[in-house]
Every structure is written in C-alpha cells, then in structure tokens.
Amino acid sequence: MTHAPTPPAASNFLRPIIEDDLQANRFQGKLWAGKPGPAALQAQGQPDPARIRTRFPPEPNGYLHIGHAKSICVNFGLARDYGGVCHLRFDDTNPEKEEQEYVDAIIEAVHWLGFDWQADGNDNLYFASDYFEFMYEFAEALVQAGHAYVDEQSAEEIRASRGTLTEPGTDSPWRDRPADESLLRLREMRDGKHPDGSLVLRARIDMASPNINLRDPVMYRVRHATHHRTGNAWCIYPMYSWAHPVEDALEGITHSICTLEFEDQRPFYDWILARLAELGKLARPLPHQYEFARLNLTYVVTSKRKLLQLVREGYVDGWDDPRMPTLFGLRRRGYTPSSIRLFCDRTAVSKSDSRIDYSLLEQAVRDDLDPVAPRSVAVLDPLKLVITNYPEGRSETCSAPRNPHDPQAGVREFPFTRELWIEQDDFREEPPKKYFRLFPGNTVRLKYGYVVRCTGFTKDESGKVVEVQAEYLPDTKSGTPGADSVKVKGNITWVSAAHAVPAQVHLYDRLFADAHPDGGDKDFLACLNPNSKQTVQAWLEPGIEAVPGATWQFERLGYFTVDSKDSRPEAPVLNRIVTLRDSWQAA
C-alpha cells in the first residue's frame, strides 16, 4: 500500500498567545491552595506549580462525540506542552437534563482518549455543583454592591424588553429597586418560596449596550428540580454564562478555551470577573477566555437532539453503534485513541469556521494502524476454488509476514489444501479488459502459495457460479527456488476451506450519503446512507484469536476489529473500521 504523505502540523493560534503570556510572566505570583476557592483561600496557598491551567468542561447531558475530542485534545494538549494542568470539570448546572450515567461515560471516554487530570497531588476532577455555595455568596455580594437585582417580569416580558440588534432594550420596572429588597427576594428564591419562572436574578449592566448579551443578562432562575449530585438542596440554579467565569476563577484557570459561539459572551465573562475581583471575592490574575472554531465534519451530525433521534427511532443500534460519531461508537468501530488524537492534531485550531472532510479522519486511522496492525486474510464473499491436481487430504504450510513494516513481528503460517475459498470478485466467466484475476484459461498466483491455471467452473440451477476449478504448478510455491519462473499479472487472496474460521462481519460505511446532512432546511434523516451497514458471513485465516478489540489489516480489504459487544469465541463478530483506500469523492 502506498502511504499518503504525512500532513504538516496544523496551525494553532493559541500557542503564540500562551508563549507570550509565559514570556511576560503574566501569571507570576499566582497562588494555588491545592483546591479551588475564592481569593481568601488562594491567598493562603503556595506559588502555583502549574505554569498554565486549562479545562475541559462538558455538561453531563449526553455522550461525547468527535467534536468534543477536538476540545479535549486542545485543552489537555496545551496544558501538557506548556507545563500546565488541565482540569476535567462537569458543568452540571441544568438538573433536568443531567445524569450520573453521563458523568461516568465522560470520565471513561476522556481516559480512553489517553488523558488524565491528576497532577501535583490533586485530582483536578471538579463539578460546578461543588461551587454552588460560592456562586450564591457572590450573587449576594453583587446585589449588595448594586451590580445585580431581582426581576419579577415573566420570561416573555424580559425577552420583549431586550430590544434588537438595531434597537436598545428597555429597563425593567424592577431594575432600580433597593438593594435590600432585591437581597430579600433573592433569599426567598433560595429558600424555595417562589415557583419556577416567577423571579430571576439579573446583572445590572447596560440595557442600551450594542452587545445584547450585556443587556442585564439573567444570572439565576428558580428551578424546583432534583440535582443528580446535590439532590433537593437547591431550588435556584445559575445560568451557564454566570457560572462559567466563576468556575474558571475559582479553579485558577489561566486560559479558558471555548468554541466560537461563546465569543459574544466574553464581555459578560470579563464583567463578572472584574466586579467580583473588585469586591475581593476572586484572586488575580483573572482567567481570560479565548474562542476557536468547533470541529465540523462532512457526512456527520453532532447535534445531541439529532443523535438522540437516531437512537430513539432505531436508525442506529444505540449510542455506541459503530456508525455513530460518539467516542464510544468510534471505539467500537475500531478507531484507536491515538488515531483520534492524530486526526485532531492534523486539524487547525483557528477562528474560522470550516468543515473537515471525513476522509481525513479515515486516513488518520489508516496511518495509525498500518505500522502496527498484523496482516491476515479474510474472504467476505466466498467462492469455492478446487485445485483438481492437488492430492485430496494433503495439507502444507504457507507463510507470510505478520507486518511488512515490522520484521520483528515475524511470520504467520497457514495451511494450503485442495479446496480453498476465494472472493467472488476474483473470478469472471467473461472478463472485462485489463482483468488479471481468474477466468477460464488464465493463470494467477494464489498469494503466498502457488500459481494456478483456471480450467473450469460450475454453476447452480440459477446460473450462478458456485465453484471454480484450477490446476496448480508444483514448482511455483512462494518463497521457494523457481517460484517466479512463471510470470503472472494477477494475485488473489485465499483461505483453506477445511481450516478457515467462520465469522460474521459488519461492513460499516458512512452513516450519511450527503456530505452536509444538517445543512440548510434538509431533513437529515432523508440523507441517511442505506448502505451504511452490510452484514456478511465470511471465512477468516485460521490462527486468528477473536479477542474483543483485536485489530487486523485483512489484505486487499481494509482494517477490521473484533466487536466488543456481540463477538463470542465460538462465533466471532468483526467490524470493518475502514477500507484500505478512500472510495468516496471529496465533498
């Protein structure tokens, strides 16, 4: 197989920023008390051993997908490369949608991807819910300082009063209520004395700001809901735009790296941090938010709503279906953690939205597996080949490299017998031009075995060819003197019919046939690829140990792995990871 040239390292606009920060000693004097906390706690700490701190902050309301992998690699990778620490933080501020199941799955997925958050004796696994008391304390401080107020308008009234991109908003009638009155209402909200949606806490900023996100954004809302960690201890929950900067500051994050949709929220992020630092609640230096373009792939949807619809309506077989873009789906498909990291490293970290061709992900797993995957042979669409002049009952050993790139891997041995399985596509009764495989009268090499000449074939009642006959040339066995005395143009793979291992093989392909299934007004379900999964009964080279997760390159076919859920020692099930070459047109 011809190797594609290794792509150059992708650009990352964040690296020069971090290098400038470190060169300017912007974090010199930053203290760390060994755990997150407000300014008073951090003042008791020691100089932070981490040169930078980043974080990966998923909400535990679903399974991680390939887009999350990019953010994971960016945040953990930058921390690793610059002597820092990356925190894993769960932004669990929305109790109706979050579950412990997702927490456990996210932890497993990040670990599987090859990253750890333990450093300097700290676990660095955190939850936004750990900071609810701090957030509430800070909210009271903002109210008392005149920076926030409790609004009793309905959600519809608040929405209508925000204005538009071209028109300013209008002040709430509650905007100028006395701080003591707002504080009383906030405490009533905290104590559960008001129903859902009746009151909110809003920041007092500027209702005429050209940035709508600064028009007195909501900070707290009433939600009488059970939280997966705190139970019923709270009935008010922070909005993400309020919680996010507070969490970052409490954890001593230096570089808060988000996707582009949070760019318009950055002024509020900075406003919150500045006000709380002025009030002595947060330690300086304060975090800074940076935004990069999210990873968008062709032939993929990553919307949680759409992925959930695929699962619930039975278009796929669960969240770990090998066609899904979830990390568990990719893992079951046979993608390795290193292949996903390689793919992420090859895609730029930039501020420009773009769509990456799915073939780059497939090429990453090819490049990752090619040097290490043992070779073997499988016949997916079997046709019987009988060597008529080979003695019945006889068997001899053929050999081949386990991996041509790794001489230390040694050789594999497999039997040659009178009856073999070959691919249906390797025989033609009437061959087209430039067809060099088996057809009546033609000579080919059985790879690693003998040269054979086709002498005939047999059809069933429907006219389908069910058996091919051939004669072998005894002095042409691969690896023996004179093996190349007969020149042939075709090589075909085979397995011994008497020794081959039967297996079920799932031939997976892209889930969508349309490169942009979620573009415009498309019905994404109408873009599904009807051939994204085909199941065949195959014959495998003997000697294969069908251990879940084991991976091979089946010669001429692609890379395959043993399914982690359905495979059994007595009944192997394999998944095709990727073909040897890309068969799709570039999007």
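Any Cβ shown, glycine's included, is placed from N, Cα and C.
Annotated in Swiss-Prot:
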- Glu59, Pro60, Asn61, His65, Ile66, Gly67, His68, Ala69, Lys70, Ser71, Thr259, Arg294, Leu295: ATP binding site (BINDING)
- Asp91, Tyr240: L-glutamine binding site (BINDING)
- 58-68: motif ''HIGH' region' (MOTIF)
- 301-305: motif ''KMSKS' region' (MOTIF)
Per-region confidence, the motif ''HIGH' region' (58-68) (mean pLDDT, whole number):
97
For the C-alpha pair, I'd like the distance in angstrom between Leu295 (ATP binding site) and Asp91 (L-glutamine binding site), rounded off.
20
List, in sequence order, the same-chain residues at least six positions removed whose CB sits under 8 Å from that of His68 (ATP binding site)?
Pro58, Leu327
If we count other C-beta atoms within 10 Å, could you say which of the binding-site residues Glu59, Asp91 has the fewest?
Glu59
For Asp91 (L-glutamine binding site), which of the listed binding-site residues (Glu59, Ile66, Lys70, Thr259) have their CA atom within 10 A of its CA?
Glu59
When you measure from the Cβ of Thr259 (ATP binding site), which residues in the chain that are at least 6 apart have a Cβ under 8 Å away?
Ser71, Glu291, Phe292, Ala293, Arg294
Measuring Cα to Cα, how many Å separate Glu59 (ATP binding site) from Tyr240 (L-glutamine binding site)?
10
What's the CA-CA gap between Lys70 (ATP binding site) and Tyr240 (L-glutamine binding site) in angstrom, rounded?
21
Integer Å value for the Cα distance linking Ile66 (ATP binding site) with Tyr240 (L-glutamine binding site) is 23
Whole-number Å distance separating the Cα atoms of Asn61 (ATP binding site) and Tyr240 (L-glutamine binding site) is 14
Using a 10 Å cut-off, grab the number of neighbouring Cβ atoms around the Cβ of Lys70 (ATP binding site), all chains included.
24
